[in-house]
Amino acid sequence: VMLNFGTKELTGDNIIRQAVQTKRVLFYGDDTWIKLLPHHFIRSEGTSSFFVNDYTEVDSNVTRHLDFELHRTDWDVMVLHYLGLDHIGHIEGPNSPLIRPKLREMDGIIARIHEYLQEQGGGVLVVCGDHGMKDQGSHGGVSTPEVLVPLVVLGLGCPTHNKEEVLQVDLAPTLSVLWGVAVPADNIGVAISSLLAHLSPAQRLFALLHNGQQLAANFLRNKGTTVHENYCKFEEARQKHYEWLINSSSVSHLEVEALYQSSLLGMSRFLSDVLANYDTWALFTAKAILLQVVCMLGLKLAGASPPHPSMSSVLSVSAIVGVAMVILCSLPTWPLPILLCCISLLSVNSVLLYHQFRTLPSLFKAEVRVREWWRLLLPVGTAVHCLAQMSSSLLEEEHQLWYWLWVTVGLLRLRQNSARWLCVLVIHRVLRALNQTGDRWAHLPDLSDWLTLTSNASILSAFCALSLLWLCWYCTQVLSRRWIPTILCAITVSCIYQHKAAIHQAIPFIAPSSNGVSEARMCWLLLLLLLLQGRSLNTLLVCWMLSSSLLLRSHNTVLIPALYFFSQSVALSPSPAHTVLHHWLGAVFFFYQGNLNTSLASVDLAAGYIGLEQYNIVIVGALLLAHTYAMPVLAYTLSAHSIVTNQRSWREEVLKNEQLVVFLQLLHMLVCLSAISLHRYHLFVWSVFSPRLLYLVAHSFVYL
């Protein structure tokens, strides 16, 4: 995702680039194709696909060209990219009532093209998707509904009920064979054998030879050797192929095909594994420096301050050694430099950390004597969470650990304020059922599924309206009942409800005549006016609550008053405990919202287009970040607001609060980097740990 974000043009070899050498290619659909492959199509028209709220314009633009092109004969390949089904999944999920009509529309289009091909007496129609969809909508993870998609091929006389599973990378060499063009140089796939059944034995063997020569060249460019088992198999297959061409009775063509398939599949798997390169020494340097920063920050928060060496000198030495390590370890003669780098870096870190840690025992004993038992849960819980991040299975179900920690805090605090904390635990039980998350149980029905049913629209509207009314009341209290900000807040809340009614997430007071864009823009304008009234922490808190209400789906707006109530329950805790508890609250409500730390599929793309009519990468990115981390940021803001309100020397306490939050974030990042290094050759490093690191980076960026 990070390496391909914002790419302007594909410069590498690909199937379309090969096709245009000898074929006339058309394209209609998502304009991303035209941007990535300029000057490749003899006729094309693109429509922006990034505006996910649209599920008709792009498809209509494609379909209106269909009849015109089907009556022409000056083209060889036509690519049609329909996006409506994908956008409906992002907006309303795969169970939306809009899905069935859209599927009927697609079925009719496929029928028209198939009938045209039958009339022409030739041609192939390939229907496929690049991804599936989660039960909750969106995609980006590795669950079966997201990665297992149909591949329908009409016109080759294939078996009608072929349930063979093929890899997506196998489509490129297959199309190359069917189109009669060269296989792309960087291809790592193998032509699908069942789609070559209509060819003669000689043609199939030639296709496998052509695919094999390309794979073998790619294999040797990427750490493969001529003595590797699969390469030797390919050479053997090529030799037997030559013998078959000389005398077809000397060897069976089926034997040659089987040998080709075995060698090609082996080289394909090798390339899939080896192309994932890891800069081990850069990872080691990052971890070493990050460890030093975490230790220094943690010791500073704990009050350890030995005179020598100073923190600045520690960080300076670490940075210099880290840079030297990267430079030396990049030299061709790597064994000696690597050894020297490792020894020097570890030695320096060990000496510096020893000087810092030697005062910890006395500090720890003093802290234990004054702490209550429930407060000991905070460092223990943080340590348990860090250990859990080393396991992919526990990381996929991270929300369960956060829920358990929060319930444990509630049970231990029942003795101090039984009524309030009993309410907290009851509300927690309801909210954890609001949105199913995680990897194992995300497909199960939840309260949001029930609330979003058409028959329950009045209940959903009541939930949303009550949450917004509370928000209006709270904003009035926080802003000291000043009449101009109060009026602005009231109008904003009204516009938020009207926006949700316009996008069918609430029952409107009057019949809506817009798509919600004008209401959302009015909200953004009112929030800007509210910020101009003053930039105090109170105003920032109110604006964040209002903007979060606008971005959240209607059933999630109840999370804002709930988070405030939970925050008030821990507001009078001592400063370190107060900060850690609010950090935990942010994590708990992050999962209440339905988010997931290990899959991009949980990102609600529709939130990035509220108030927009066309794609803008900066605005969409900012809105997506604000929506995804609405609850953690609100928890942090409530924590700072509580400190400022209840403590006289609040500046120093707020600074400590910020340092502790940074410490916790860096600690999570350090653990994640360690897990990635440990599991770097495991399949889950891409499906679990890498998305987790991406989420941590985005989370830290939002805090900054």
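Including glycine, each Cβ sits where the backbone N, Cα and C put it.
Source: prediction; values computed, not measured.
Which of 173-197, 523-547 counts as transmembrane segment depends on TrEMBL, and there it is 523-547. Here the domain 'GPI ethanolamine phosphate transferase 2 C-terminal' (374-496) is broken down by DSSP into helix, strand and coil counts: 94 helix, 0 strand, 29 coil.
Listed as Cβ neighbours of the transmembrane segment (617-639) (distance under 8 Å, sequence separation of 6 or more from its ends, same chain) are residues 6, 50, 537, 540-541, 544-545, 547-548, 551-552, 559-560, 563-564, 567, 578-579, 582-583, 585-587, 589-590, 592-593, 595, 603-605, 607-610, 657, 661, 698-699, 701-703.
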